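Copied over from TrEMBL:
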{"type": "DOMAIN", "residues": "37-168", "note": "domain 'Exoribonuclease phosphorolytic'"}
{"type": "DOMAIN", "residues": "197-263", "note": "domain 'Exoribonuclease phosphorolytic'"}
{"type": "REGION", "residues": "297-376", "note": "region 'Disordered'"}
{"type": "COMPBIAS", "residues": "329-350", "note": "compositional bias 'Basic and acidic residues'"}
Amino acid sequence: MEQRLANTWRMTVNEKKFIESALLSGLRVDGRNVYDYRKLSINFGKEDGSAEVHLGQTRVMGFVTSQLVQPYRDRPNEGSLSIFTEFSPMADPSFEPGRPGEFAVELGRVIDRGLRESRAVDTESLCILAGKLVWAIRIDIHILDNGGNLVDAANVAALAALLTFRRPECSLGGENGQEVIVHPPEAREPLPLIIHHLPIAVTFAFFSDESTLVVDPTHQEEAVMAGRMTATLNTNGDICAIQKAGGEGVPQSVIMHCLRIAATKAADITVKIRDTVEAYNTERALRKIKRHSAPVALDVSGTGPNVRKNQVKSQDQRKVSGSVGSQVDKLKPSNERNDSDQSNDIEGKMVTKSFEQGGTNSKDGKPRSFIGGPSS
């Protein structure tokens, strides 16, 4: 609650009265309706298991890591799931470095209760060797900018990071089959976590009038609100957790009305998360496809390039010899050119005559196929 009190100290009385009077008229400072969410966008990092969520001016980053540890004695066949929050003074001046404050502890517990109590993550699939080694999943939530409603933004960041996280695949080997072998990503494809459903947190802010409530309160509305309630539901309408912070009491009819609104908002946010994660997985699969350059025909014997060069060289030589020969013919006297032309005509007639004779080269005079060339 120290974060809300710090916001109250920074606001003037006129600002508080303006926000309250606008809410009584069904209006909000940012122009939204009382049951509207701000724009939600999800971005993923280069590594698997990292997600950054923008909810209006609120920015939260979630990062998931894993480690092989010994299981708890009462649950030898189940892994563990833990959540840690970090509030940076750059996000809000009321956040102090060092030991987490009351609001940081409350934020982590609300998200942890929605994930673990509803058993959204299959912890039994994290067991590698019963009673000896299991996977411990850790979710780190970093608050980058506080624009209000940190609980909902941090919950979406945690879910998006869990959906894109991949843990290394393990196998048992050794002489007795009790040795755990962790395969690198180059050898075997990492495995995703088994998540049964997505518990979505929806936060409501109550004001002095019990009938006045808003969804997704902003930074200024949190400084004026008299109470807050966070309902965690999945897309099936199942209530995973409810957390009511201090303040004025809320009647049962108002709580049931909030749960109906939360079920609708949870379904919309679930579709948003799944569509974004599916697009990321498609892009991730395309990045892993090895693309080769266009095939180039190569001569294995090693004579192809030389032959090509010789052919080009011979063509060039023929062109040069032809051009030189034409120039030499031009320089010859006219009588010599006439004699050479006549000799060429005589040779051509002799060759033609020999071909004609070869076509009927038989005693009976019958034509037959020509074999061989003309005799000199």
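Cβ coordinates come from backbone N, Cα and C, glycine included.
Nobody curates TrEMBL annotations by hand; they come from automatic prediction.
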Averaged over the whole of the domain 'Exoribonuclease phosphorolytic' (37-168), what is the pLDDT? 90
DSSP helix/strand/coil residue counts for the domain 'Exoribonuclease phosphorolytic' (197-263): 18 helix, 26 strand, 23 coil
